[in-house]
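Student: According to TrEMBL:
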- 28-276: domain 'NADP-dependent oxidoreductase' (DOMAIN)
- Tyr55: active site, proton donor (ACT_SITE)
- Lys80: site 'Lowers pKa of active site Tyr' (SITE)
- His115: substrate binding site (BINDING)
Amino acid sequence: MAPKLTINSTVKLNSGYELPLLGFGVYQTPKQQCLEVCTEALKIGYRHIDSASDYHNQGPSAASVPASGVPRPDVFFTTKVPKRHYPLGYAHTLKLVELALEETKLGYLDLVLIHSPYGGAENRKGAWRALVESVEAGKVRSIGISNYGIHHLEELEQYIAQLEAERGGKGKGGIISVGQWEVHPWLTRPDIVQWCRARGIAVEAYCPIVRGERFGEPKVKALADKYGKTEAQILLRWSLQRGFVPLVKSVTPSRIAENAGLYDFELTEAEVEDITTTDYSPCAWDPTVSPLGN
Ligand SMILES: NC(=O)c1ccc[n+]([C@@H]2O[C@H](COP(=O)([O-])OP(=O)(O)OC[C@H]3O[C@@H](n4cnc5c(N)ncnc54)[C@H](OP(=O)(O)O)[C@@H]3O)[C@@H](O)[C@H]2O)c1
C-alpha cells in the first residue's frame with residue numbers, strides 16, 4: 001500500500017533531489033504582496049514555491065525563505081525562463097538564470113523550467129543547453145519544461161541524445177526532471193502524462209482548482225459534502241492521488257490554510273475515477289498545441 005500522504009510528502013526527481021508534492025503558486029500575486037503570502041504559506045507548512053521570471057515577483061517570493069525562518073535547504077524554489085515575448089535562446093536564458101539568482105538571493109535555484117515551447121527549435125534547444133550548463137555550474141539543481149506538447153518533448157529528447165554524443169556521454173545532455181502543465185479533472189493530458197511517467201519525469205499540475213471556475217460541479221460538490229471539505233480541497237486531493245504535484249495559488253490567508261488542509265481525508269479510487277473526465281477544457285493558455293516552428 002502507498003504510504004499516507006502528508007504535507008511533507010515528496011517525490012524523488014530524476015536529478016536525485018526531492019520535490020515537495022504540494023506547491024504554492026504566485027502567478028498574478030502582486031509583487032508587494034508576495035513576501036507576506038509566501039511567508040504565510042511557509043509558516044503553514046508549504047515547502048515549495050512556484051514562480052517565474054515572467055511573474056515579476058521572484059525576488060519578494062524568495063525573500064519569504066529568510067523571513068519565515070525556514071532553513072533554505074528545506075524550501076524548493078522554482079522559476080521559469082523565457083516566454084513568448086522575450087528574445088529566447090541560449091544567451092538570454094543564461095542571463096535570466098543570473099537575474100533569478102540575483103533577485104532571489106537563494107544561492108541556487110532548485111528548479112528552472114522553460115516556460116513554454118514558443119520560439120522555434122533553435123531557441124528551445126539553446127535555452128535547454130543554457131540550463132544544462134547552469135546545472136553543471138552549480139547554479140541550478142534540477143531542470144525541466146512547461147507547456148511542451150509531445151512533439152516538443154520528442155524534439156528535446158533527440159537534442160539531449162545529440163548533446164550526449166557531442167559532449168561526452170550519458171547525463172551530458174541534461175536530465176528532464178519535471179514537466180508542468182495545466183492538469184485537473186477536465187484536462188488530464190493522458191498522452192503527455194504517459195510520456196513523462198515512462199521516463200520518471202514528475203508532472204506538476206497548474207490551475208489545479210481550475211481558478212474556481214468549476215466550483216458547483218455536482219460530483220465534486222457531492223464529495224465535498226460527503227467529506228466535510230471544500231471543493232478546492234477535493235480537487236487538490238484528486239491531483240495528489242493521481243500522482244501529480246499540484247501548484248495552487250492564493251493571496252487569501254484562510255484559503256492558503258484551506259488548500260493545505262488535505263491530509264485528514266482520502267478519496268476512494270472509485271471517487272477519483274468518477275470525477276475524472278475525458279474533456280479537453282483548459283482554463284489558461286495551451287502552448288502544447290503550437291507547431292514546432294512557432
Ligand atoms: N507554467 C505555466 O504556464 C503556468 C500557467 C498558470 C499557472 N501556473 C502556476 O500554477 C499556479 C496556480 O495556477 P492559477 O493561479 O492559475 O490557478 P489556481 O491555483 O487553480 O486558482 C487560483 C485562483 O483560485 C482562487 N482560490 C485559491 N484557493 C481557493 C479556495 N480554497 N477557494 C476558492 N478560491 C480559491 C485564488 O484566489 P485568491 O488568490 O484571491 O485567494 C485565485 O483566483 C500559478 O500561481 C503558477 O505558479 C503556471
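The backbone N, Cα and C atoms fix where each Cβ goes, glycine too.
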Student: In angstrom units, rounded to an integer, how far apart are the Cα atoms of the residue listed as 'active site, proton donor' and Lys80 (site 'Lowers pKa of active site Tyr')?
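Tutor: Taking the Cα atoms only, the residue listed as 'active site, proton donor' lies 9 Å from Lys80 (site 'Lowers pKa of active site Tyr').
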Student: Any idea what DSSP makes of the residue listed as 'active site, proton donor', helix, strand or coil?
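Tutor: The residue listed as 'active site, proton donor' sits in a helix per DSSP.
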Student: Quick check for the class: what is the C-alpha distance, in angstrom and rounded, between Lys80 (site 'Lowers pKa of active site Tyr') and the residue listed as 'substrate binding site'?
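Tutor: So the alpha carbons of Lys80 (site 'Lowers pKa of active site Tyr') and the residue listed as 'substrate binding site' sit roughly 5 Å from each other.
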Student: Where does His115 (substrate binding site) sit by DSSP, helix, strand or coil?
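Tutor: Assignment for His115 (substrate binding site) reads coil.
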Student: Just to be sure I understand the packing, how many Cβ atoms besides its own are within 10 Å of the Cβ of His115 (substrate binding site)?
Tutor: 25
Student: Which value does the mean pLDDT take for the domain 'NADP-dependent oxidoreductase' (28-276) in this predicted structure?
Tutor: 96
Student: Give me the count of other Cβ atoms within 10 A of the Cβ belonging to Tyr55 (active site, proton donor).
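Tutor: So the Cβ neighbour count for Tyr55 (active site, proton donor) comes to 19.
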Student: How many neighbouring Cβ atoms, not counting its own, are there within 10 Å of the Cβ of Lys80 (site 'Lowers pKa of active site Tyr')?
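Tutor: Neighbour count, Cβ to Cβ under the 10 Å cut-off: 26.
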